[in-house]
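Chemist: Structure provided below as structure tokens; questions to follow.
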């Protein structure tokens with residue numbers, strides 16, 4: 001089913017006019033879907049630190065290329081297909097979909113290889129600077145971050161940036177599956193391949209870290225240590241599999257020393273923050289044959305130190321997007337787990353905001369007063 005007669009839609013979006021300044025709710029034009037594109041009516045969008053670094057001005061959008069601001073941020077979304085362009089065969093209006101920063105064309109060498117989810121057809125940076133689908137009312141191009149820009153009532157994107165999911169899933173909460181849930185869970189179960197009886201440590205218990213804990217639990221790790229300076233994370237960490245909570249501020253000794261003394265190091269060290277001191281700490285907390293997993297979105301200039309000698313004892317460092325899981329499979333699996341009650345996604349949504357409250361929503365992320373905050377569209 002195609003919609004050749006579809007036209008541009010005027011709707012509201014949170015437009016970032018300059019990094020570091022509050023977003024403004026503006027009327028924008030979302031273009032009709034062209035060939036191999038779909039237009040989606042958004043139901044909800046999650047708030048992720050990757051977008052926050054740009055919104056807060058810690059990184060300039062123009063550094064990624066393209067025009068920079070004005071821009072519409074957001075990549076973690078759920079919605080209903082409103083219309084489709086020519087050549088689209090997988091989607092019809094009414095389909096429930098999740099949006100993804102990790103597109104899959106399904107045909108390139110990488111998409112056909114089971115070991116990676118990095119599609120060669122789509123460059124992440126170029127996707128981030130897309131200006132083809134959103135306009136101001138006077139015709140000025142707007143950057144749609146990650147080729148999506150889901151802080152908008154409607155989006156137009158490629159058919160490879162959206163993925164059909166179980167219609168029984170509550171889309172108001174399912175948006176967080178597309179990034180924080182999927183990234184954390186599959187970083188443990190797929191990328192790291194946590195094994196039964198292992199010892200795992202997770203630094204940073206935000207939206208991704210909590211789901212990493214659950215992935216470790218799902219794969220039957222024995223010791224699952226959650227590390228965070230926010231004591232308020234202790235309760236929910238335990239609910240999602242944490243067997244021991246460490247607050248570095250009150251521990252009384254360096255975390256790496258404690259982990260070495262008590263466990264002989266950890267089999268898996270997950271960095272869910274992306275800051276150098278934590279990366280350094282995780283790197284020297286590994287047991288023999290241990291694996292360090294980099295999940296946090298570190299700035300390009302961030303480097304960490306690990307003695308080269310340590311690698312002689314089969315220690316290794318890995319990283320990936322969405323836990324290196326194929327996006328289509330990941331979203332369908334997780335939505336099915338959500339629907340059947342295996343995965344308590346609802347518990348992870350700690351704060352809900354309207355689009356008009358989006359700046360307030362980002363403040364909860366900055367203050368650490370949330371597991372995952374979402375914007376719900378009415």
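Glycine is treated like the rest: Cβ placed from N, Cα and C.
Quantities reported herein were computed from a predicted structural model and do not represent experimental measurements.
Feature annotation from Swiss-Prot assigns Zn(2+) 1 binding site to 48, 75, 179; the stated evidence is similarity to another entry. Taken from Swiss-Prot, the feature Zn(2+) 2 binding site applies to 105, 108, 111, 119, supported by similarity to another entry.
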Chemist: Which of 105, 111, 119, 179 (the binding-site residues) has the most other Cβ atoms within 10 Å?
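Modeler: When each Cβ's neighbours within 10 Å are tallied, 179 leads.
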Chemist: For the recorded Zn(2+) 2 site, enumerate neighbouring residues of the same chain (Cβ within 8 Å of the Cβ centroid of 105, 108, 111, 119, site residues themselves excluded), in sequence order.
Modeler: 103, 104, 106, 107, 109, 110, 112, 120, 121, 122, 160
Chemist: Just to verify a number: CA distance, residue 105 (Zn(2+) 2 binding site) to residue 75 (Zn(2+) 1 binding site), in angstrom, no decimals.
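Modeler: So the Cα of residue 75 (Zn(2+) 1 binding site) lies 18 Å away from that of residue 105 (Zn(2+) 2 binding site).
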Chemist: Here are the binding-site residues: 48, 108. Which has the lowest count of other Cβ atoms within 10 Å?
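Modeler: Comparing Cβ neighbour counts within 10 Å for the binding-site residues 48, 108 gives 108.
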Chemist: Roughly how many angstrom lie between the C-alpha atoms of residue 75 (Zn(2+) 1 binding site) and residue 108 (Zn(2+) 2 binding site)?
Modeler: 23
Chemist: In three-state terms from DSSP, label residue 119 (Zn(2+) 2 binding site) for me.
Modeler: coil
Chemist: Would you mind pulling the DSSP three-state label for residue 111 (Zn(2+) 2 binding site)?
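Modeler: In three-state terms, residue 111 (Zn(2+) 2 binding site) counts as helix.
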Chemist: Around residue 75 (Zn(2+) 1 binding site), how many other C-beta atoms are within 10 angstroms of its C-beta?
Modeler: 26
Chemist: May I ask for the distance between residue 108 (Zn(2+) 2 binding site) and residue 48 (Zn(2+) 1 binding site), taken between their Cα atoms and rounded to an integer number of Å?
Modeler: 28
